[in-house]
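Student: After the structure tokens below, expect a handful of questions from me.
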Amino acid sequence: MTSPHSRWLVPLLGYLVAFGPLSIDMYLPSLPIIAADLDSSQQTVQYSITAFLVGMTFGMLLFGPLSDQLGRKKLLLAGTFLYALTSLGCAIAQSGESLIAYRAFQSIGAAAAAVLARALVRDYFAPKQAAGILSTMHIISMIVMLFAPLLGAYIVEIFDWRWIFYFLAAFSVVAFIGIFALIQEPTRDVAHAPNLEAYLASYVACLKEPKVCFLILTNGFSFAGMFAFIAASAFVYIEHFEYSESTYGLLFSANIGAIIVMTLINKRILHHYSSEHALRFAIFVSVLATLGMTTIGAVSSAIAPLFMLSSMLYISVTGSIGANCLASLFNIIPNRAGTAAGLLVAMQFALGALSTYITTLLFDGTPNSLLLIMAGFGALSFCTFTIVLRIRTA
């Protein structure tokens, strides 16, 4: 099935995929300012990231089966409407606790946009077209991640942190209008659509494969280290190193640039080697970064360049680890590819939520503590990967 508005459909789907990274990355430069303005501790404000990731985890698992029964367009409209309302709630929040509550509900709307945009690709396009369109959507997501912190930093410097959430509300209103005007409800046989029980059975079947579980954990722990950086890096750069919000935005964006570079390198590796060999290379780089972060973190005072380079090296391979873990999952359970992808992404957000919670408890405001937290998750990722290798050779 192809939409009569196909010229505008792909840009709209890419726009919807941007909800997730925009919601997380855009307000990071303002975290110290938000804490001061709301008279809250940095820990309380960091919990707003945790709340968002928890909501995304549940949304990633639930919106697929729900949309099979209730329809894509209805849930998309409801999700973007909820996102707009809760973004306004974040903008007028008067305490850290109210910000956390609004962010939790905001994440439900963001999850609806992210999940259902990908589902619509499967509805509207043939498999060969879908692969190219999903790649385009991934590129859009990376570009948004690259520029979102910069945009957020400039909004904070020119206006006020609350305007970030006014911007997100307006962003959602534009999406709502686009969905209403351009999306036609795909024709599906609802009677034969998978129900929630069938989805749960599929998840259980995947998790019965030990190698699947440990590949998902390998990726999840890798991303958990990155989410620790997301939760605390603004306080390190802005409060500890005393950089400006715009400088922090540039430094954060440099990490996304590093992910893009390593993703391109990974793509070249895959021209000559399997996804499992590419995964080994990415894990090797991650281990080097983990050892570097452990060494630097153990030093009494980590300097900015060493903190930046070691954390950037770690973050640079998270995208490659995720892509290669997913490709390996497809090789193991090709008949449950969609379920495997859903589990991988859901565990990413679940361990990300756990990571931000742990970071909030253990982070003491210094770069050393953040590096050691990231190194801990890097070590867990390596340990689970060694189990994957043992299962493979068993």
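Cβ coordinates come from backbone N, Cα and C, glycine included.
This is the feature table in TrEMBL:
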- 6-394: domain 'Major facilitator superfamily (MFS) profile' (DOMAIN)
- 7-24: transmembrane segment (TRANSMEM)
- 44-63: transmembrane segment (TRANSMEM)
- 75-94: transmembrane segment (TRANSMEM)
- 100-121: transmembrane segment (TRANSMEM)
- 133-155: transmembrane segment (TRANSMEM)
- 161-183: transmembrane segment (TRANSMEM)
- 212-236: transmembrane segment (TRANSMEM)
- 248-266: transmembrane segment (TRANSMEM)
- 278-307: transmembrane segment (TRANSMEM)
- 313-333: transmembrane segment (TRANSMEM)
- 340-363: transmembrane segment (TRANSMEM)
- 369-389: transmembrane segment (TRANSMEM)
Student: So, do the transmembrane segment (340-363) and the transmembrane segment (44-63) meet, by the test of 3 or more Cβ pairs under 8 Å (sequence gap 6 or more)?
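Tutor: When sequence-distant Cβ pairs are counted, the transmembrane segment (44-63) touches the transmembrane segment (340-363), since at least 3 lie under 8 Å.
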Student: For the transmembrane segment (100-121), which partner among 75-94, 161-183, 313-333, 369-389 gives the most CB pairs under 8 Å?
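Tutor: Out of the listed stretches, 75-94 contacts the transmembrane segment (100-121) most.
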Student: Are the transmembrane segment (369-389) and the transmembrane segment (161-183) close enough to be called in contact, which here means at least 3 C-beta pairs under 8 A that are separated by 6 or more residues?
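Tutor: As far as Cβ distances go (cut-off 8 Å, pairs 6 or more apart), the transmembrane segment (369-389) and the transmembrane segment (161-183) do not touch.
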Student: Are there residues at least 6 beyond the ends of the transmembrane segment (248-266) whose Cβ is under 8 Å from a Cβ of it, and what are they?
Tutor: 25, 28-29, 142, 145-147, 149-154, 229, 233-234, 237-238, 278, 281-282, 285, 308, 311-313, 315-320, 323-324
Student: Can you say which of 75-94, 133-155, 161-183, 313-333 has the most Cβ pairs under 8 Å with the transmembrane segment (7-24)?
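Tutor: Looking only at 75-94, 133-155, 161-183, 313-333, the most contacts with the transmembrane segment (7-24) come from 133-155.
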Student: Should anything in the same chain at least six residues away from the transmembrane segment (161-183) have a Cβ under 8 Å from its Cβ atoms, list it; otherwise answer none.
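Tutor: Long-range Cβ neighbours of the transmembrane segment (161-183): 3, 5, 8-9, 12, 15-16, 19, 22-23, 26-27, 30, 33-34, 37, 72-73, 76-77, 80-81, 83-85, 87-88, 90-92, 109, 113, 120, 151-152, 155.
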Student: Near the transmembrane segment (313-333), which same-chain residues lie under 8 Å Cβ to Cβ, leaving out any that are not at least 6 residues past its ends?
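Tutor: 206, 209, 211-212, 215-216, 218-219, 222-223, 225-226, 229, 255, 258-263, 265-266, 275-276, 278-279, 282-283, 285-286, 288-290, 292-293, 339-341, 344, 348, 374, 378, 381.
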